[in-house]
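According to TrEMBL, the protein carries these features:
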- 21-43: transmembrane segment (TRANSMEM)
- 63-81: transmembrane segment (TRANSMEM)
- 93-115: transmembrane segment (TRANSMEM)
- 121-144: transmembrane segment (TRANSMEM)
- 156-174: transmembrane segment (TRANSMEM)
- 180-198: transmembrane segment (TRANSMEM)
- 285-304: region 'Disordered' (REGION)
Amino acid sequence: MSSPGSGIFSGFTKLCKGLTVILIGGHIVVRLLPSSVIYLALIPARTIPFGWNLITAGYIEQSLHGVVVSVIGLLFMGKLLEPIWGSKEFLKFIFIVNFLTSVCVFTTAIALYYITREENYLYMPLSGFHGVLAGFLVGIKQIVPDQELSLLKIKAKWLPSLMLLISIAISFFTPDSATYLPTLIFGAYMGWIYLRYFQRKPETKHRGDPSEDFAFSTFFPEFLRPIIDPIASMFHRMLCGKSEASTNAQGYTVGGAPLIGSDPIEASRRRERGARALEERLAAERLAAGKNSEEPQIDESDNV
């Protein structure tokens, strides 16, 4: 007989289950063979010649609580995102965000070493799936921004900002903040960069999400947006200036700033599909929970 909570803990995709096996397996390896951290985690001083650790580091959790959080986050967020993106795009997102996050963390560690001359930045083993999880939160912000979370009483669009705010606040009271904070920040930012400018839409053959609701300034409170928008526009012109002529020809602009082959109508449709998929999934889980709660009553009546 199924338990009343089986609806919540069902429906996980095969891809997410396979990735959880990799995360758990990686944790077991570093527990049984501590020396393997040198080859699998991101240690900036050893990245050359061990360049593969830019990829492997994201799938290695060194702590038990880290692997638990990563597995739970992957299963539940993947349960929402993968059916909407598709398995191929979901896996592509994980690989790209993980790799780019590792590159940014490596660059930051090298820069901090030259600024502070502290060798700890060069030899600290950095790893974990939390950068990709931060990117997943950005994906949820994009797909169901106005979905209210009953437990936190906030809308989904504020999840990445809230996560980063709490992480930055905690970093002031923890000595090892360098092991997780840069990964979270770059994971969220790389996730936004990919979804904003480069994610391909097969149905429209366009890239990215040009909607104003997904602009960089939407990660900040409204009173800060007049300050953030000019800075974001400057970086946009630096990154995408060469593509503006082609995007003007297609007619896709946002506040006068063209984006790379994006369709604002498709962005709106994608959010609608995401909200509809979430509602259908929640309804199915409530229905399953209701059926499960009825089963004990039926068994009791049969015994009588």
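Heads up, the Cβ atoms here are built off N, Cα and C, so glycines get one too.
Curation does not apply to TrEMBL; its annotations are automatic.
Non-local neighbours of the transmembrane segment (156-174) in the same chain are 134, 137-138, 140-141, 144-149, 180-181, 184-185, 188, 192, 213, 218-220; each lies 6+ residues outside the stretch with a CB under 8 Å from one of its CB atoms. Through the fold, the transmembrane segment (63-81) approaches residues 11-13, 15-17, 19-20, 23-24, 27, 90, 128-130, 132-133, 136-137, 139-140, 143-144, 274, 277-278, 281 of its own chain, all at least 6 residues removed from its boundaries and within a Cβ separation under 8 Å. Using a Cβ-Cβ cut-off under 8 Å and counting only residues 6 or more beyond its ends in the same chain, the transmembrane segment (180-198) has close neighbours at 93, 96-97, 100-101, 104-105, 108-109, 126, 128, 130-139, 142, 160, 163-164, 167-168, 171, 207-210, 214, 216, 219, 239-240, 259-260, 262.
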